[in-house]
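**Student:** Can you read through this structure? Questions will come right after.
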Ligand SMILES: *[C@@H]1O[C@H](CO)[C@@H](O)[C@H](O)[C@H]1NC(C)=O
């Protein structure tokens, strides 16, 4: 392939991103599957009604089990972004066919691949960040779930509980299964709600900003509202099954939503074009291109780099030679 130089630049600039990504995944793993970060032990009031709801069983027995959430949260955005990028690429390619016909296959598909990897990569990064934020919040606050006392099963006689106003700080007050008690101490913010809203919002922003539906105008609002409804449903079910307080769910929605909005607006610039692979220096001084075969030049002006506007750079570039 003739496109060696810009690709090399790009792959070097990806190294810090890969390191950060690996660190994020590792941290998420430590929060999720190890007890490296011990949960803060909070006390409780004897017979506290807001923590005495019946134990609903492990998360796997929920109406919306974690397996279902994780599969949907992975599958829906991946599918949407793949479909959206392929559609945008091939509709755009038809318009600019004579421009790209000279380029080699790898140069032709390279922008498409770059966009897909970038959007899915940022999505994955946000996914793990949301996991870390929710887990960190749960571990630091140690707020209890509504079924905490049913899981804890404190011996009120041994603790000397006479009135409901008495506050128990004894660390070994619980007689229930330690694993269940530990997970009943992790409630704020709700991770499932955060992940579903993050995923739904990222997908909704992708759909509204990139999709160009020529048919009915209601397609995009329908997809968007369906996804947001599904995310809300996760939170509602969590509250209905006594697994979280509504404030946990609200905080989860806020966490996931804020991360999605931040990533889309500040990091991937509303799914607009990417920075060109070649340094801008090359465009300003065409004489410095002398060492590079001229065939690589159309790669810089690839059809997808100009998707969604920003024609300024393209025009300035083409006016030079
Ligand atoms: C609770 O504690 C009291 C006093 O220590 C003890 O007699 C009783 O057997 C305990 N009850 C349970 C269910 O463990």
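Each Cβ is built from the backbone N, Cα and C atoms, and glycine gets one as well.
In TrEMBL, annotation is done automatically, which means it is predicted and not curated.
Per TrEMBL, the features are:
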DOMAIN    120-264  domain 'Phosphatidic acid phosphatase type 2/haloperoxidase'
TRANSMEM  12-31  transmembrane segment
TRANSMEM  67-90  transmembrane segment
TRANSMEM  120-140  transmembrane segment
TRANSMEM  193-211  transmembrane segment
TRANSMEM  223-240  transmembrane segment
TRANSMEM  246-268  transmembrane segment
**Student:** Within the domain 'Phosphatidic acid phosphatase type 2/haloperoxidase' (120-264) only, compute the mean pLDDT.
**Tutor:** 93
**Student:** What parts of the chain pack near the transmembrane segment (246-268), using Cβ distances under 8 Å and only residues at least 6 beyond its ends?
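**Tutor:** Distant Cβ neighbours of the transmembrane segment (246-268) are 118-119, 122-123, 125-126, 129-130, 133-134, 137, 143, 187-199, 201-202, 205-206, 209, 231, 235-236, 238-239.
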**Student:** Just give the helix, strand and coil counts over the domain 'Phosphatidic acid phosphatase type 2/haloperoxidase' (120-264), going by DSSP.
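**Tutor:** Residue counts for the domain 'Phosphatidic acid phosphatase type 2/haloperoxidase' (120-264) by secondary structure: 99 helix, 2 strand, 44 coil.
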**Student:** Which range out of 12-31, 67-90, 193-211, 223-240 gives the transmembrane segment (120-140) the most CB pairs under 8 Å?
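**Tutor:** Checked against 12-31, 67-90, 193-211, 223-240; highest Cβ contact count belongs to 12-31.
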